[in-house]
Amino acid sequence: MSERSGKVQTVLGLIEPDQLGRTMTHEHLTMAFECCHVPPAPGDEDLATAPIKMKNIHWLQQNPYSHKENLLLNQETEAVKEELLCYRKAGGGTIVENTTTGIHRNLPVLRQLAKDTGVHVLAGAGYYVDATHSDETKKMTVEKLTDIIVSEVLHGADGTDIRCGVIGEIGTSWPITESEKKVLRATAHAQTHLGCPVIIHPGRNKAAPAEAIRILQEAGGDISKTVMSHLDRSIFDHGELLEFAKMGSYLEYDLFGTEMLNYTFNLDVDMPSDSQRVQILAFLIKEGYEDRLLIAHDIHTKNRLTKYGGHGYSHILKNIVPKMLSRGITQNQVDKILIDNPKHWLTFK
Ligand SMILES: CC(=O)NCCS(=O)(=O)O
């Protein structure tokens, strides 16, 4: 048994699982997303370089990835701190910060935010998608990648003594690249060694979540302690969703607050509304999956912050929970999704 067994590892150290409270399992507090810039549509070039103002907020909400400055959440630490104080006031306890190597993880900033706000913050170990893997990363063996991930959890990451409390979000594209497959196998090996929680970012294809889980499973990963993120934009058919759910991972709907007409990363996808997300949660609860559901906003661009007219980190607590209750989801089920399921996932074996 390690000192982490039965505990949760935050950026300020180990805590008891019961201290977590209401938890958003997929957020970012500081990151940069230049890797995923989408050139603006012809005619929109001026909007894409204009300073962020009220009159272009709607365009920004519809085209968040086409405005380079909007991708720099790491410029907004003061605004994020204010938001976290509001999150606490709204009844929030913990944020799982999913920024991994490749999208500018900044552990000292996370530690300072946790100290300044009293919100428990967990940091993520490992690597984002292939497009952000350095040449050095791509050359690494599975064993070397495993050693690095294990060390980020046991000793600290990025040259600091700040320890990660989860592995992920581990980035995968579609199709999954060779380098991403190595990272997935390393993730499974590290999880076997550490008994820790894992969270996966699937590629933008309905087959991507199952493929990532299969690779983890074959490498010995504990799927019952693994979260599949971004199901809101990945699997739409209810039968296919139930097939995927049978694989046993946590099922995460983590794009609450994102309502856009054209999902520029995959124009075939109709991004659901928040009301539709609540309907899917109700469906999965009816099918017996209330112990496997997790929710979050995955804030990763400036326009999602209240400073820029966005919904902020408290949207779920303030607006989505009442909607869930009004659609027949019970308070006990809400508490499972926001408190019990995150607690079980985040506790080291
Ligand atoms: C930071 C991150 O990976 N966000 C996910 C965006 S996506 O559109 O759901 O892939």
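Start at 1 and count along the chain as shown; that gives each residue its number.
Cβ coordinates come from backbone N, Cα and C, glycine included.
Binding site for divalent metal cation 2 per TrEMBL: E169, H230, plus H201 from the candidate set H120, H133, H193, H201.
With a 10 A radius on its CB, H201 (divalent metal cation 2 binding site) counts 25 other CB atoms from all the protein chains. In the shown protein chains, 29 other C-beta atoms lie within 10 A of the C-beta of E169 (divalent metal cation 1 binding site). Residue pair H28 (divalent metal cation 1 binding site) / H201 (divalent metal cation 2 binding site) shows a Cα separation of 13 Å. Annotation note: H201 (divalent metal cation 2 binding site) sits in a strand segment as assigned by DSSP. Summarising the environment of H230 (divalent metal cation 2 binding site), the number of other Cβ atoms within 10 Å of its Cβ, over all protein chains shown, is 21.
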